[in-house]
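Here is the structure we will look at.
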C-alpha cells in the first residue's frame, strides 16, 4: 500500500490511495489494490537513527556519502541571508524611506513588469515544492508535468478579468473589493479567513524544509529556522514591499542556479541527458496522456489540466499576496504583462523539477538509497524529501560549495514565501481591520503601525514554527486547513464579480457553506485515512507530518512482502473523501457560487442601481454570446435600469457621470428601455 501526502499551495491535502506497480501510481479498475508484488522489499532496520548503509557498487547507489556541510557551504548560505538583509536596508534608507503606507505596502505603485513577474513566481515556489516535484517524478513518472497545461487559463483569466477589476478600483487590499461589491461584513469575513489561512501556513513553510535538511545532513534545525525567520522579518519590516519584491528576484535567481547545478552535474555523472532519457523510458518514467475522467484518480490529464486551473486561479487571481504585486505595478498594462511573463517562468520551473527527478532516477533506478538502509530516525520527515536531499549530497559530494548553493536555493524558496506572507498579512490587517475603525489616523502613525504589524507577524511565524515542532501527526490536519480555505475564497470573489444579482446575504451563506463543505471533506478524508484496518502491515518509511507547498507531493511508501487484503473501490461519501486533491478548489468554489446564487434569489437579488460601478465583469454575457441580446441583458442585469457606468479610473468617474446626466436630459421624453449594455460594463485591457 502507498499512502501519499499531497501538499499543494492553497491545497495541502492528505490523500490515501492504493496504486499498482504502474509508474503513475494508479491501478487498473477491478485490480486488487494490495496485490503482492515481486518488487516489494523488506525495509532495513531503523532502530539506530545514525544508521548508514554499507558501500555498494557505484551503479546502484554510489559509495558511502558523508552527510555534512563544509565551510564553503555555510559561507554560501550565510551570503544568502546577508544579501537579503542588505536589500531590505537599501530600500529602508533610499527613496521615500518607507514613510508612507503607499510606499511600504504597495511600493508606491512604481514597480515594473519584470521584478513583479519574478516575485509572483517566487511567492508560492516554496522550499518543499523544490524537493517535492523531483520526488514525485522519481516515484511516479512525468504525469505531473501536465499541470503545466493549467497555467494557460490559470494566468490568462487573472490577466484579463481580475487584474483590470482590482487595478481600476485602486485597491490596496483585495478584500476592499468585497465591501464595494457586498458590504463590510463580507469584507471582514474574507479578511479573517485569509489571516487564519496564512498564519497556519507560514510557520510550517519555515519549519518543514529545515526539519528535512536536519534529518539528512545534521544541519542545525533551530539555527536555520531562527536565522531565516529573523532575517526575513528584518528586511520585510525595514524595506516594505519593494524589499520583498527585489529579494524575491534575487532569491529566484538563486533557486534557478541551485536546480540547474544539480541537473547539470547529475546528468554528467549519469552519462549525459541522452542516457538519462533512455533510462527514464526503460524504467517507464515517461508517462503518456491519461484521459481517465474519474475524479478520484490522483493525477490524470483532467485533474491536472482542468482541476489545476482552479488551483491557479485561487493563487494568481484572488490571493492577497499576488494581488498586492499587481497593484504595485506602475500601470495596468505592466500588471497584465507580469502575468504573461510569469507563464514561461512557471513552465521552466516545472521542467527543472521534472528533469531533476529524471536525473535522480537515472542515478538510482528502482534501488532507492532509503530502501538500502539510509534513513533518518526522524519519522516526521517524508522519505521522498529525504531522498531528494540525499541525492543532492551524493551528486555534490566532491564539489565543496555546491551543497551550500542548493541549500541557499532551498531556503530562498522559504524566504520568498514567508516574506510575502508577512507583508500581505500586515496589509490586510491595516487596511481591513484597523483603518476603517480609525479613519483619522495620521499617515506617519499608519506607516509605523504597518511596520509593527509586519514585525509582529514575523514573531508569530517563529511561534508557529515552534508549535509545528510539537504537533506531530496533528499537523496534517492543520496543513489541510490551508488548502481548504483557498477554494471558498475564490468562489466568493467569483460570485461577486460574475453574478450581478448575488447579494450580501448570499455571499455570507455561500462562504460559510463552502468552508463547511471543505472542512467536511478534509476532516472526513483525514478520519477515513486514520481508520485503515489495523490488520494492514505496519507503515515503513512513513511520516506523521505532511509538508506544505503549492505544488508538492511528499511520498510515503508502505512495502511488504506478503499482503493479502483487497479493498474495494470507494463509493458514495467515501468516494467524495477520496476526491483528487486538485479538484478540491473547483469543488469548494463551485459550492460557494451555487449556494450564494440560490440564497440571493430567495432573499431578493441585488438591483443594478445598488451595484458599485466597476465591481462586475460580464462573464455570462460573453459566454452566452449566441443568445439574442435581449435575453443576455435580462440574464446579466436582472432589473432594467439606466445604463451602468463602465469600469474606469476613479478620477474619470466625474466626467462619466456628467456625460450620463447630459444624455439623460436629452432623452427625458423618450420611452424608458432596458439599457444595461454589455459593451459598457468593462473596457477590455489592450495589450
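Cβ coordinates are placed from backbone N, Cα and C, and glycine is handled just like the others.
Segment annotation: TrEMBL labels transmembrane segment over residues 506-527 (candidates 506-527, 528-549, 550-571). Between the listed ranges 3-26, 27-50, 339-362, TrEMBL ties the annotation transmembrane segment to 339-362. Stretch with the largest number of CB pairs closer than 8 A to the transmembrane segment (339-362), among 221-241, 253-271, 405-428, 448-468: 253-271. Contact between the transmembrane segment (448-468) and the transmembrane segment (581-602) is not supported: fewer than 3 Cβ pairs lie under 8 Å, counting only residues 6 or more apart in sequence. Most Cβ pairs under 8 Å with the transmembrane segment (405-428) belong to 188-209, among the candidate stretches 188-209, 221-241, 581-602.
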